[in-house]
Amino acid sequence: MLIGITGTPGTGKTSVTKLLEKERFYQVIHLNELIKEEKLYSEVDSERDCVVADMDRVYDRVLELHDRSYPVTIVDSHLSHHIADIVIVLRTDPAILRGRLEKRNYSEEKVKENLEAEALDIILAESVEWCEKVFELDTSGESADNTEKAIMRIIRGLRNGNTEELEEEFRPGSVDWFDYPFD
Ligand SMILES: Nc1ncnc2c1ncn2[C@@H]1O[C@H](COP(=O)(O)OP(=O)(O)OP(=O)(O)O)[C@@H](O)[C@H]1O
């Protein structure tokens, strides 16, 4: 089973998937690292300090790496909803996200761009449009450990084929930061 952990940068995907990796029960593909290591991009956007991933090559590489001896393979990336049919979208209140992104020494423009994407539910909306099953998980005010536990609960439900209650609990649309003041 291939599961994407997606969300705006800073919502905690890497922190949480590193915890999940320690369980040794999951294969975890940290896609952004892979894209950089294997140069799976078509362009370097030096102005925005990022790369433009070549999604066809990325997709093929994930399929190659997908090790079916693991019951679950997790793809960690804000691009994972382009690849997996089942995704967990991590969300963070923009006021909290701002603090996390500022610690990375991002430019104010890049911080605002990401906060706006989070407040406008961009990744959630894409996930709902493209993926079969979407769980929305709010990490605001939660520890990474608790977020990991919630993800493990969702994975357990998926493996047991019993997701009705989880789909209700983590229903897309449960957070609303539309009124976040940007200026
Ligand atoms: N509940 C939480 N879950 C995950 N991370 C959290 C949580 N609360 C606080 N954090 C902190 O938020 C930061 C998230 O950074 P992280 O690199 O994991 O985000 P990311 O979503 O993987 O970003 P990127 O897409 O840029 O790789 C870390 O410093 C982490 O310790």
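Along the chain as shown, residues are numbered 1 onward.
Any Cβ shown, glycine's included, is placed from N, Cα and C.
A TrEMBL annotation is a machine prediction, not a hand-curated record.
Here's what TrEMBL has on this protein:
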BINDING   GLY10, GLY12, LYS13, THR14, SER15, ARG104  ATP binding site
REGION    103-113  region 'LID'
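For the binding site of ATP, formed by GLY10, GLY12, LYS13, THR14, SER15, ARG104 according to the record, the largest Cα to Cα distance is 15 Å, rounded to a whole number. Within 8 Å of the centroid defined by the CB atoms of GLY10, GLY12, LYS13, THR14, SER15, ARG104, the record's ATP site, lie the Cβ atoms of PRO9, THR11, VAL16, ARG100, excluding the listed residues themselves.
Within 10 Å of the C-beta of SER15 (ATP binding site) we count 16 further C-beta atoms, all protein chains included.
Averaged across the region 'LID' (103-113), pLDDT in this predicted model comes to 91.
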